[in-house]
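According to TrEMBL, the features are:
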type     : residues : note
DOMAIN   : 31-174   : domain 'Neurotransmitter-gated ion-channel ligand-binding'
SIGNAL   : 1-16     : signal peptide
TRANSMEM : 232-253  : transmembrane segment
TRANSMEM : 296-314  : transmembrane segment
TRANSMEM : 326-345  : transmembrane segment
TRANSMEM : 365-385  : transmembrane segment
Amino acid sequence: MLTYFLLLVLQQLVLALKCEKDVIQELTIEKKLRDDLLKCGYANYDPPKGPNSEKTVVTVKFILKYFNLDSTEEVLNLYAWRLMSWNDDRLKWDPASYGDLEEIELKSGDIWTPTFRIINSADADDIDKFYFLSCTLKHTGAVSCVPRSSHLLYCDIKLSDFPYDAQTCNFVYGVLDPNGSYNVSFPPRAMGMLGAEYGSSWFISDYKQEVQKVPDTRLNITLVIEREAESLAAIIVYPALIVSSLSIACLFLDARLNERLMFTCFSIFSNCYWLRELVANLPKLREDPPRILLYYRASLVITVFILILTLILSVMCRKETPPHNIVILINKFVYGSYVRFLVYPRWEFPDDGKFNEDWTKFANSINSLCIKVIVFSYIGLYVAFVPQPIPFN
């Protein structure tokens with residue numbers, strides 16, 4: 001048993017020594033290859049040329065990993081991988097001369113790499129830099145680098161349709177090459193997402209790109225970013241509709257009763273409360289306010305009007321002086337024709353002598369007319385100022 005154990009240990013030692021020898025040999029060959037490639041005469045500041053001295057072509061593509069849209073600061077942060085590839089004939093070698101080595105890694109600072117800039121960058125420095133990055137080099141001279149970078153971009157935020165708003169943000173990526181010593185190529189879809197289109201409270205619903213060649217090569221990616229509005233709608237849009245219904249319901253109560261006055265005051269309080277909630281959830285105050293804010297403001301004005309109307313009608317019904325002839329004529333026209341069917345609700349007239357019948361009928365007609373005007377006003381306000389969910393394409 002001991003003999004087998006000793007033989008096994010001896011075998012492992014022999015394999016380890018052979019493996020170490022192979023690794024050292026491979027590292028020696030790779031070091032020699034690096035030295036031969038980057039020997040005197042290779043200028044990492046000079047762009048490579050093609051076989052016929054034509055400009056080299058750099059292919060660039062982005063893989064979006066995640067994004068964040070800050071609607072308060074009006075900036076879009078894109079974190080993406082940048083896939084760059086080109087050919088540098090100065091870095092070719094024959095694998096047979098280097099132990100069949102076909103691929104190595106070199107530091108980006110040791111070889112020539114293209115330089116780009118973000119045209120609409122929100123950073124003070126708009127140059128897209130990458131340092132201490134390992135690039136893959138094949139024996140054919142094909143170079144590929146994949147830097148990871150975060151891009152901070154300006155994005156003009158429009159809140160008119162808040163919370164169902166969609167923002168259009170641009171990512172303008174340009175070549176920093178005043179001499180035009182190399183060309184840049186972008187694929188038909190230069191930014192892949194792979195599920196990264198869903199961010200924090202936002203998602204990318206549309207993507208467009210345009211490549212500009214004159215005066216310099218630029219990639220303009222347009223992203224349409226929609227807000228996840230379900231939770232905000234529950235505390236902003238739906239309460240607006242409920243408060244509006246509450247204000248309309250006040251008009252169906254008898255103006256002579258204190259319940260209508262208290263109900264109207266509660267409706268005013270509700271308008272103020274949810275208006276405060278809307279302002280608290282706004283990303284920022286702007287000169288162009290959200291349309292839903294205008295709806296709340298109009299609703300508050302209408303509810304205050306209902307309160308004033310309630311007080312006036314209540315006083316009118318209690319008047320002891322005989323009504324003017326015009327009031328009597330209006331009552332005869334309304335209640336003596338088919339117009340009477342439009343008067344709703346009709347308040348009961350008690351026999352306790354507290355209320356004047358002619359004044360009560362006149363007040364009832366005014367209240368019915370105000371119901372119709374206010375209902376149509378709310379319908380118009382809803383169409384004009386209440387945002388709707390963005391249809392799913």
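All positions are counted from 1 along the displayed chain.
The backbone N, Cα and C atoms fix where each Cβ goes, glycine too.
What TrEMBL says about a protein is an automatic prediction, not a curated fact.
Each residue of the domain 'Neurotransmitter-gated ion-channel ligand-binding' (31-174) gets a DSSP state, and the totals for helix, strand and coil are 14 helix, 65 strand, 65 coil. If one looks beyond the transmembrane segment (232-253) by at least 6 residues along the same chain, the residues whose Cβ comes under 8 Å of a Cβ in the stretch are 162-164, 259-260, 263-264, 266-267, 270-271, 274, 277-278, 281, 292, 295-296, 299, 302-303, 306, 310, 345, 367, 370-371, 374-375, 378, 382, 386-387, 389. Model confidence over the domain 'Neurotransmitter-gated ion-channel ligand-binding' (31-174) is summarised by a mean pLDDT of 90.
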